[in-house]
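Asks: This is the structure I want to talk about, given as structure tokens.
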């Protein structure tokens, strides 16, 4: 009897135990997402059609071993990105999910009309990563994603690696969805994205697309993108190539060919940091102090670099060249009326009571602003050869 | 009702664990999304508001301990009966007990909303709520020692989440913090008030106090607990301010989760899902302690034992949690709860302290436990 009492549970307790184990079993079945039954899109592209509708194209890896194509491409038109996804599901044997999207592409025409609304849905959807790379494609993304590339394999992953590799290598500024949104909702800075083009079988990053608000306006070359980052940012492993006149080294050109008057210099492992000072408030004057350390990697005339004077000359040549290019870039940005470097944020952070500065106010001030560059370069190494 | 409690030695906790309980109850749902609410008032100076709120909390906790130390071993319910008399005391205690109950409900409901928004949109509320409340019930029945032990465990296994802030820091724009002190004092003050939802939790010490073994060290350990809480808040706030632009932060409901979205490990992406799952461990002590305080209240006021009071409370909170709320309603509830908790947890302790002082001036403190109070 005593034994029985020890193991007998009161009714309530028994009921509770049953209820709990029941719940635990039932919860195991909630929201299953079986890998074989889901189609994980790796890249999506959006185009604007002539009738104002949006065409979405998504790339999914095909895990069917019998399939001839390694990827599966779905395309649908609709008014919204989620509407497009619903239509894509009608074409697919698997449930299309966005959790693995790495790259979102927008056609140039679409980007010109403004991307705000369609990117908004990306940010709102908690199933998507914040680290999605957004880019602009020169042409229709449908054509690009459906093109039968011979070597790239899964085009979504390929694109992702292409962008990732170049961001890591500090060739282009980072452009994750988070950074796009940060710039988009900030009054003193305009967003940027990589600008991608296709040449035959090859995809390449042509440059950096500049946005004004959520509208694409123009693009700049990777070299200019380097300068953008030099103004406001840090380099650890950047690289830059430039040319300076031979004359500054005190050497007369060996063969009097006009093309050889220039010496090509290539610098790499550039580490830099910049300091932007607001020297005058109205109209704004910015003093940009850039300090950079570089290693010389290549030069096209055989110079003996043991001479400290020569190094000084080379440093000076680089400084002058960079300052000239920076001024050129700034006047280009002014004519486009975009501020991808975020001078507006710096202006706001250096003045009190400007927290409510509007974008329009800043654009006006940006036009009147003066930028003074002070570049200081040090060549710390010159390879294994003097 | 006896004003002072004689807790058997086998049922006491150390002063250190009392601090753990305070810290564990403070950190909860608020920290997932407090950035936006404070930045709405104080802009990019929100971190100053966090410091201000921290200072106020330190003082408030100190006052609470002072109040408790006026008695040898009394809790909130006993003190209130002593100060206000039988009927009024019971009435106010009932209100306070309801506040504890509502706190638990708000936390539970908020967590379920996060899970349904971020992880399982289709998961029915009744299952999740049922599981959480079962765990809560199971732990509370074990008594305060088990709850304290669990709280310690929950802090120990989740404190490392702070290290993840390294990932969003790589995207930091430090100029977002400048100019410092750009917001007016009024805005900073409003920001501080908006912190209240995130700050509260320390008021559980009112009920836990009689169970503390070495009462002379409670003051020190609770102050440490509050300090640790606010250092963590300050860190999270600073990282959020440099990671998000102001306009973006205003649109981000759970900024802390968005911070964790940037965490990226070779074998593990989408770290926010891990954080949300781990957050269950963080919020369980909150719900446990609040419900325990509430059940203690019933026991003290009406003499029910803990299990009986829990049998009343648990079904009630379960049914309440099943009500469907939209995001807007949740915002309203959180705002309302934030305001209420500000009065209950931040202002009321000062009032109670003054009342206790007045009472003991007219009627010298009874150092030995006395039977029925006047």
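Cβ from N, Cα, C; glycine included.
Because the structure is a prediction, the values reported are computed rather than measured.
This is the feature table in TrEMBL:
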- B:12-34: transmembrane segment (TRANSMEM)
- B:46-65: transmembrane segment (TRANSMEM)
- B:86-112: transmembrane segment (TRANSMEM)
- B:118-140: transmembrane segment (TRANSMEM)
- B:147-169: transmembrane segment (TRANSMEM)
- B:189-212: transmembrane segment (TRANSMEM)
- B:224-244: transmembrane segment (TRANSMEM)
- B:273-292: transmembrane segment (TRANSMEM)
- B:304-324: transmembrane segment (TRANSMEM)
- B:336-358: transmembrane segment (TRANSMEM)
Asks: Which stretch from B:46-65, B:147-169, B:224-244, B:273-292, B:304-324 shares the most C-beta pairs under 8 Å with the transmembrane segment (B:336-358)?
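Replies: Most Cβ pairs under 8 Å with the transmembrane segment (B:336-358) come from B:46-65.
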Asks: Which of B:86-112, B:147-169, B:189-212, B:273-292 shares the most C-beta pairs under 8 angstroms with the transmembrane segment (B:224-244)?
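Replies: Of the candidates B:86-112, B:147-169, B:189-212, B:273-292, B:147-169 scores highest.
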Asks: Taking the transmembrane segment (B:86-112) as reference, which of B:12-34, B:46-65, B:118-140, B:147-169, B:273-292 has the most Cβ pairs under 8 angstroms?
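Replies: Per the Cβ under 8 Å count, B:273-292.
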Asks: Does the transmembrane segment (B:273-292) make contact with the transmembrane segment (B:46-65) through 3 or more Cβ pairs under 8 Å, each pair 6 or more apart in sequence?
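Replies: Per Cβ check, the transmembrane segment (B:273-292) does not touch the transmembrane segment (B:46-65).
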Asks: Ranking B:12-34, B:46-65, B:189-212 by Cβ pairs under 8 Å to the transmembrane segment (B:147-169), which is first?
Replies: B:12-34
